[in-house]
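What follows is a single structure, written as structure tokens, with notes after it.
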């Protein structure tokens with residue numbers, strides 16, 4: 001197992017690879033996608049930010065407003081491998097922004113203890129692939145703390161941030177999408193933003209949420225997603241999906257970095273085939289917005305759900321089951337899932353593994369002609 005200086009060298013190489021390929025999973029030229037920005041009411045002054053800067057700004061505001069908020073994790077003191085915590089230690093001091101040992105189980109356990117004692121811990125797991133050593137602490141301790149104490153104690157102020165998903169040359173251990181593991185756990189909330197505006201608003205809502213939250217950040221979007229972000233304090237409600245694009249022929253559902261892939265597929269379907277697609281960004285995986293999805297599917301009668309995680313047991317299966325229960329008589333075609341393969345995440349074959357816009361476009365065509 002890599003530890004200490006060796007793992008720092010590996011992470012440094014991965015980050016440099018990430019910078020060279022960001023915006024295009026195959027490493028080829030990036031095609032800009034005009035992704036619709038979310039409008040925030042009474043937004044006030046705005047500033048151009050990419051996704052990691054919006055997350056940094058969100059944590060900054062949380063720490064300004066809450067003197068009990070602390071940020072910690074591997075290498076967060078110097079800004080983290082993706083720079084999400086840059087400048088926070090200088091501003092708030094080493095007692096509130098600090099490094100931890102390379103021990104994810106310890107990070108999670110320490111965060112649970114802090115939350116139980118009234119602090120507001122914002123813990124970082126450096127890559128979502130390494131959240132598994134902390135799995136027991138998260139699902140058996142954090143998620144059940146309030147329940148098993150009969151409501152006497154809780155660690156609801158806990159937020160665990162972690163970058164997830166494909167990025168280009170990440171390989172087996174820096175590319176995974178583990179959201180469905182945690183979506184299966186009562187007592188946790190699971191949030192995945194797709195834009196800078198949403199990242200900041202959802203993160204602030206997560207930090208102030210009364211249940212523990214796992215906040216997965218699409219590392220592909222850290223620098224490639226750029227918007228005019230309100231610099232003030234605002235929240236986006238958890239558990240509420242966003243209809244990115246309205247349509248009448250087919251419902252397309254995704255989250256995180258997959259949203260830009262889906263928008264590209266939707267645009268292709270409309271330009272080449274005249275298909276009107278309704279595109280939904282779940283934003284919160286647990287609890288997910290059942291009513292928004294059901295209302296859309298009853299209108300369109302056709303559904304494609306896409307995520308990077310393997311198909312079997314992925315969150316698309318849970319959504320599909322609910323749609324089948326709630327919308328059976330409205331369906332005009334079988335529900336389609338466009339997902340990663342049921343294999344470990346490959347290195348050189350990443351381009352073929354990920355559910356790109358072409359795979360989603362073909363699935364839309366297949367569903368429409370059924």
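These residue numbers are counts, starting from 1, taken along the chain as shown.
Glycine residues also receive a Cβ, built from the backbone N, Cα and C atoms like all the rest.
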Same K(+) site as 156, 158, 159 according to Swiss-Prot: which of 104, 179, 198, 209?
209
When you tally the Cβ atoms that lie within 10 Å of each candidate's Cβ, which of the binding-site residues (158, 209) has the highest tally?
158
Counting only residues 6+ apart in the same chain, whose Cβ is under 8 Å from the Cβ of residue 159 (K(+) binding site)?
120, 121, 122, 123, 203, 206, 207, 209, 212, 213, 215
Just to verify a number: CA distance, residue 158 (K(+) binding site) to residue 130 (thiamine diphosphate binding site), in angstrom, no decimals.
18
Write out, in the order they occur in the sequence, the residues of the chain not among 156, 158, 159, 209 that have a C-beta within 8 Å of the mean position of the C-beta atoms of the recorded K(+) site.
115, 120, 155, 157, 189, 206, 207, 210, 211, 212, 213
